[in-house]
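Here is the structure we will look at.
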């Protein structure tokens, strides 16, 4: 396909309607027709869009395309989890489909690599390359649906939930993230409830404040430590935005949101004998007392060349019980897809050579400091 063609996956509904009116001289409802073909029927061939007049179909074929990332490899876990490496330009990101009895969740990437360097995350140890475009984010959902089924194929919505918990820090790609989220929830898009679309962040405070003014989705926060000293050791972003600043922005977001039922999901990776003592649990409980929360405990998933270990079941149970004694809803996340390196913190993809890492990191730090303010 020609690089000069406009990729319609890069437009949310408002932008697509404007494109049809301003660039094509067409009525806005024609954009809605095309969106239904793309997102409800999984169609990427204009000639097959039979309720669209032939002249418009031919015009679109000349100037536009519907291009999602291609699947490079597919791995299927014994538990039903599917991990895809998807080609974005000359690199790859990873997308994970997690089916359960009552839902099916798609874990989507927002960047090629990640600049935040969280010590327990495989992606963070690989370096940062670039942000994904709107089409590369929403295209992961489109391509996954092509494999597992669009509603017109199955008679039901196969992908019921989307979590922005793949490669990258979503809030460092806000300008492309928000239109993609809109397409996930738009009736002419994938039509998901805002309570079924979750953005996870490690604490980019200015961007979280901005997100709350732009769109309403479920929020999960990557906390992973109950105090600044420990969090800074395992999550360098804490040196820029400490826990109290982070939780302050969370509370501001919750005050604007209807998608979260007034509480945030707190993600806490349990690292053996690092952040999983009973005293850590008590400290965490006190820390969150003013932030309505449900807590997801995630036993660490080891990966090569990482110093951390997975805690024993007894340590996980003790930690969980302390939090429940304080009245918190606690879920111990079941590890899914670890036999194909698709579990939390294991996504790597095909990212940059480490010799480019310093330059990319500096650019990303400038984005944190300047662009989001």
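Placement of Cβ uses the backbone N, Cα and C atoms for every residue, glycine included.
What Swiss-Prot records for this protein:
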type	residues	note
ACT_SITE	94	active site, proton acceptor
ACT_SITE	344	active site, S-methylcysteine intermediate
BINDING	114, 118, 121	[4Fe-4S] cluster binding site
BINDING	168, 169, 200, 222, 223, 224, 301	S-adenosyl-L-methionine binding site
DISULFID	107-344	disulfide bond
DOMAIN	100-339	domain 'Radical SAM core'
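Feature map: Swiss-Prot annotations on the structure.
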residue: 114; record: [4Fe-4S] cluster binding site; contacts (Cβ under 8 Å, 6+ apart): 121, 123, 124, 126, 128, 167, 168, 169
residue: 118; record: [4Fe-4S] cluster binding site; contacts (Cβ under 8 Å, 6+ apart): 124, 202, 222, 224, 234, 235, 236, 237
residue: 223; record: S-adenosyl-L-methionine binding site; contacts (Cβ under 8 Å, 6+ apart): 231, 243, 246, 266, 267, 268, 284
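According to DSSP, residue 114 ([4Fe-4S] cluster binding site) sits in a coil region rather than a helix or strand. Proximity note: of the listed recorded positions (94, 200, 301), 94 have a CA within 10 Å of the CA of residue 107 (disulfide bond), given in sequence order.
On the backbone, the CA of residue 94 (active site, proton acceptor) and the CA of residue 301 (S-adenosyl-L-methionine binding site) stand 17 Å apart. A C-beta separation below 8 Å, combined with a sequence spacing of at least six in one chain, links residue 200 (S-adenosyl-L-methionine binding site) to 163, 164, 165, 170, 219, 220, 221, 222, 267. The record assigns 168, 169, 200, 222, 223, 224, 301 to the S-adenosyl-L-methionine site; their largest pairwise CA distance measures 19 Å. As a whole-number mean, the pLDDT of the domain 'Radical SAM core' (100-339) in this prediction is 95.
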